[in-house]
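Now, the feature entries from TrEMBL:
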type	residues	note
TRANSMEM	6-28	transmembrane segment
TRANSMEM	53-75	transmembrane segment
TRANSMEM	81-100	transmembrane segment
TRANSMEM	107-126	transmembrane segment
TRANSMEM	146-167	transmembrane segment
TRANSMEM	174-198	transmembrane segment
TRANSMEM	213-231	transmembrane segment
TRANSMEM	243-263	transmembrane segment
TRANSMEM	275-295	transmembrane segment
REGION	316-353	region 'Disordered'
Amino acid sequence: PLAMGAGFGAGLGLALASSAFIGGSFVLKKKGLLRLCGRSRAGQGGHAYLREWLWWAGLLCMGVGEAANFAAYAFAPATLVTPLGALSVLVSAVLSSIFLNEQLNVHGKIGCILSILGSTVMVIHAPQEEEVSSLESMAEKLQDPGFIVFAVCVLVSSLLLIFVAGPRYGQSNVLVYVLVCSAIGSLSVSCVKGLGIALKELFSGKPVLKEPLGWVLLVCLVICISIQINYLNKALDIFNTSVVTPIYYVLFTTAVMTCSAILFKEWQHLVLDNIVGSISGFLTIVSGIFLLHAFRDMPFTPSLLPLFLQPARADPHPPWSTADRHQSCQHQPLLPSEDKGSQSAEEEEEEEK
């Protein structure tokens, strides 16, 4: 059982602050990209956003959010911190509607909720990672054939997305650049895990700086983060923030959980309820992505609602009189008004005769 003390409150506060900073960072980056005013845009391969202070403010917010998220794991359990990361999706969607005038229809909101719920279910039923307490054990994990195959597949698929699918479909399909960020991000999380272990050993007095693995992980982390930033900026410059953020969160979380399962052997001792929960959460995420991506441009008007939910419309006709209210439909004339007028004229002629 977790002791509800100051440490738990600190972890909860850091997790909430992380979601706020990360969600706001997407909006700040998008705001900076919109201020380029015809200059070399990120969507066309330019890097003029590096001269925008709003973009740097968004990058700083993301760095602070990631640092707070990393620190939250030291105080609160992972089953609490990881699901709270989904709040960054809601923060980004709300701030985008306020500051970027990006409309999120009902289908998009339902998709966001389903994505968050599915991610939460997957985290709840995910197994605990295998304990790795030293760089030596981390090196053994990195040399595992399963992880090597996974890393090669990630690198090859990322190269195909960048050089083959990117020029053809990058401007029209949001998944191209987001998949690159998510796939490379799974490797960056492994680097962060290794560097965290190195920092613990460094603070405990071990000669970590002489170990080459720590420096290799640091270089790989810098490369992975640079690729993520570049292609995330391209996705934000081309597509709406309210669309990029949930899809990036879902795909990134799925890629990280897959990489952790392969690297730390998390799925070896799963019970049936955890397997069912993980599959259900994944299917919920897929449903949320479909609603969010397929119907993002469909307007939702009150006319699409059922009749009993539509707002009351004013009656263009005047209210009935008392006599008309009690008049039966059998007393209505069967002939049109013109025929009725001609019939009455014929009757008058016969009376005169």
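These residue numbers are counts, starting from 1, taken along the chain as shown.
Note: Cβ is positioned from N, Cα and C throughout, glycine not excepted.
Automatic, uncurated: that is what TrEMBL annotation is.
By the count of Cβ pairs under 8 Å, the stretch nearest in packing to the transmembrane segment (107-126) among 81-100, 174-198, 275-295 is 275-295.
Between the transmembrane segment (81-100) and the transmembrane segment (243-263) there are at least 3 Cβ pairs closer than 8 Å, counting only pairs 6 or more residues apart in sequence, which means the two stretches are in contact. Counted over residue pairs separated by six or more positions, the transmembrane segment (243-263) shares fewer than 3 Cβ pairs under 8 angstroms with the transmembrane segment (213-231), which leaves the two as not touching.
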